[in-house]
């Protein structure tokens, strides 16, 4: 049976760089790895072919021989006579350690029972608080259900003083290997489930796992100035580990409710304040509430325009891990009078008839530009 072209197997061109070859192999190997396809002989064979192709193409000398002689390069009876076995260890854990940083289990002599698989999972909890809670800080009670250490066996999984014995199938390693040609396939030991040990007398409460599901109640301290999306890490408050292994962590994510008055950007607060046309024109003062519960007298400059911003220093939110605060910005919205009486209309008309071009410089200047533009068009 003829072999598939190594480049076609990995889906790369003959000019592919080592990085492109490594990336392509990573993608394909993850798809066909035996651990992801238990009992699938077709996937197992595909994985062998992919690994063989990678081992050749990633090596400069082997690749050169393959490009020149094809598959005959690795057949002692062929023209190239390149000894494939001389450069291949037959243990794919080396390849995967190189590609995935040791992410695949089963390095030589490694013990499954000590790897990260037994560690409890991290958990996430979302809380919703008010802007005032974020300003003042708060202690929030939370409750959730997860795996906790078994109180009967203290997490050991054993009943009473019973001890664990070494698994006779994997000899305490936690995984077993089978040789197929010059390929080594490594799988988790099915007898001890990768623990390397077997409990002779399992705890009745937790069935030997060392953990049970229960409700956890905590009081979480919310720091001053926390923002939406910030997370608080509580070490060891996640899921309990398997048979006394380290517990995961709990991450509490905050979500700040929408405020009826303020909007927030980092440590700064913003609010839109409508004011009368007369106040904007003549100037004056307004009373403004702050997030800290106090009131501040704010000066509105004479001739204030719609959209102008007034800044109140250090009237915003606390800055985390600092004694300082952000600022508060007041954006002015000049309100046009509506439902005027006859007298009010007459007064406004009288005001508008006053020959003072300086009181509305923007609109006066704009319409002068319009007249000039129109005059130029007509003259052309």
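Yeah, the Cβs are placed from backbone N, Cα and C, and that goes for glycine too.
Since this is a predicted model, take the numbers as computed values, not measurements.
As written in Swiss-Prot, here are the features:
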{"type": "BINDING", "residues": "150, 153, 203, 206", "note": "Zn(2+) 1 binding site"}
{"type": "BINDING", "residues": "167, 170, 189, 192", "note": "Zn(2+) 2 binding site"}
{"type": "DOMAIN", "residues": "5-70", "note": "domain 'J'"}
{"type": "REPEAT", "residues": "150-157", "note": "repeat 'CXXCXGXG motif'"}
{"type": "REPEAT", "residues": "167-174", "note": "repeat 'CXXCXGXG motif'"}
{"type": "REPEAT", "residues": "189-196", "note": "repeat 'CXXCXGXG motif'"}
{"type": "REPEAT", "residues": "203-210", "note": "repeat 'CXXCXGXG motif'"}
{"type": "ZN_FING", "residues": "137-215", "note": "zinc finger"}
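Where Swiss-Prot records a feature, it is marked here on the structure.
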residue	record	DSSP class
150	Zn(2+) 1 binding site	coil
167	Zn(2+) 2 binding site	coil
189	Zn(2+) 2 binding site	coil
203	Zn(2+) 1 binding site	coil
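Across the fold, the C-alpha of residue 206 (Zn(2+) 1 binding site) and the C-alpha of residue 192 (Zn(2+) 2 binding site) stand 16 Å from each other.
Within 10 Å of the C-beta of residue 203 (Zn(2+) 1 binding site) there are 23 other C-beta atoms, taking all protein chains into account. In sequence order, 151, 152, 154, 155, 156, 157, 158, 159, 202, 204, 205, 207, 208, 209, 210, 211, 212 are the residues of the same chain, not among 150, 153, 203, 206, whose CB sits within 8 A of the CB centroid for the Zn(2+) 1 site.
Per DSSP, the secondary structure of the domain 'J' (5-70) breaks down as 51 helix, 0 strand, 15 coil.
Around residue 167 (Zn(2+) 2 binding site), the same-chain residues at least 6 positions away in sequence with a Cβ under 8 Å from its Cβ are 174, 189, 191, 192, 195, 196, 197, 198.
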